[in-house]
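Engineer: Quick paste of what TrEMBL says about this protein:
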- 23-273: domain 'Rhodopsin' (DOMAIN)
- 6-26: transmembrane segment (TRANSMEM)
- 98-119: transmembrane segment (TRANSMEM)
- 131-153: transmembrane segment (TRANSMEM)
- 183-204: transmembrane segment (TRANSMEM)
- 216-238: transmembrane segment (TRANSMEM)
Amino acid sequence: MSEAFTNEAFTLLSLGIAVVVCRLAARIRTVGVKKLDYDDYLMCLVTVVYSFETATAYLVGTRYMGLANNGMTPDERAALDLSSHEASLRRSGSKAQVVGWCLYTLVLWLLKICMNACYSRLTYQLVYLEFRVKIGWALIGSTYIAVLLSILLGCPTFDKNWQIYPDPGNHCQPAVSEINCYVVLFLNIFTDLWLISIPIPMLWRSSIALKQKIGLTVLFGAGVFVMIAGIIRCAIILSNAATGAQQAGAWAVRESFVAVVINNLPFVYPALHRGGD
């Protein structure tokens, strides 16, 4: 992994943590420490998991040299000494990919919990929207179980996730697994679209100015950028099996950063706007 990406990854991590700190500061300023809600504390857990995700991506590129059990021809697999240093790197790199998938999805789904908790406060006693929030909870829980099962059980035999020879097949190559990519991408987009749809009707039924309605719609609808990042990540990973391991970690970190920033924008932007007035 290049020094450029190492700098990028840890810069994004630092900026992401800074955004979370700004969110907490804005919330404390607004409601006080004693009235912080569970999603505020959960956001602290997000930063911890995001930090581990970044560290895992760093290890994939540095300690394991971007290697895993993918991107090899049948002849290369047959010729590789399974007791060699390269084979050890590929096995360890593949294990790191499984860990990376788990951390990546945990970050995204924790952020969904935080966002739905925010909507739960906004829609309190609005029956027609409270029901949508409840559906949101059900979708978040069920889809997270689905993505976790796809990561852990997509390969019929778990230890084949790091098998080199014979070729375990795409489903057992975690860096470029089509099951992982498509299941996570589809369910991530599906849940994000549902969450985005919750506050929009409330905004447009309110009596605030049209300019504010448009601005808030853009703010709450910014999750579209997370979807775009996810699509790009999936396309890049699946289009190049040789560099899939390294690209998987790199793009997971980038997408997580975008998700952290966008999830906290509804809290940070109003505080910055008030500060500028």
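From the backbone N, Cα and C atoms, a Cβ is placed for every residue, glycine too.
It should be emphasised that the depicted structure is a prediction, and the values quoted were computed from it without experimental measurement.
Any idea what these are sitting next to in the structure?
Structural biologist: Across the residues of the domain 'Rhodopsin' (23-273), the predicted structure has a mean pLDDT of 91.
Counting residues 6+ beyond its ends, the transmembrane segment (6-26) has Cβ neighbours under 8 Å at 36, 40, 43-44, 46-47, 50-51, 54, 57-58, 61-62, 250, 253-254, 256-257, 260-261, 264, 267-268, 270-271 in the same chain.
Within the chain, the transmembrane segment (98-119) has long-range Cβ neighbours (under 8 A, six or more residues past its boundaries) at 37-39, 42-43, 45-46, 49-50, 52-53, 56-57, 60, 129, 133, 136-137, 140, 143-144, 147-148, 151-152, 161, 174, 180, 184, 188, 191-192, 195, 198-199, 223, 226, 248-249, 252, 255-256, 259-260, 263, 266-267.
Outside the transmembrane segment (131-153) by six or more residues, the chain places 98, 101-102, 105, 109, 112-113, 116, 119-120, 123, 174, 179-180, 183-184, 187-188, 190-191, 194-195, 197-198 with a CB less than 8 A from a CB of the stretch.
Long-range contacts of the transmembrane segment (216-238) within the same chain, counting only residues at least 6 positions beyond its ends with a Cβ under 8 Å from a Cβ of the stretch, are 108, 115, 175-176, 178, 181-182, 184-185, 188-189, 192-193, 195-196, 199-200, 203-204, 208, 244, 247-248, 251-252, 254-255, 258-259, 262-263, 265-266, 269.
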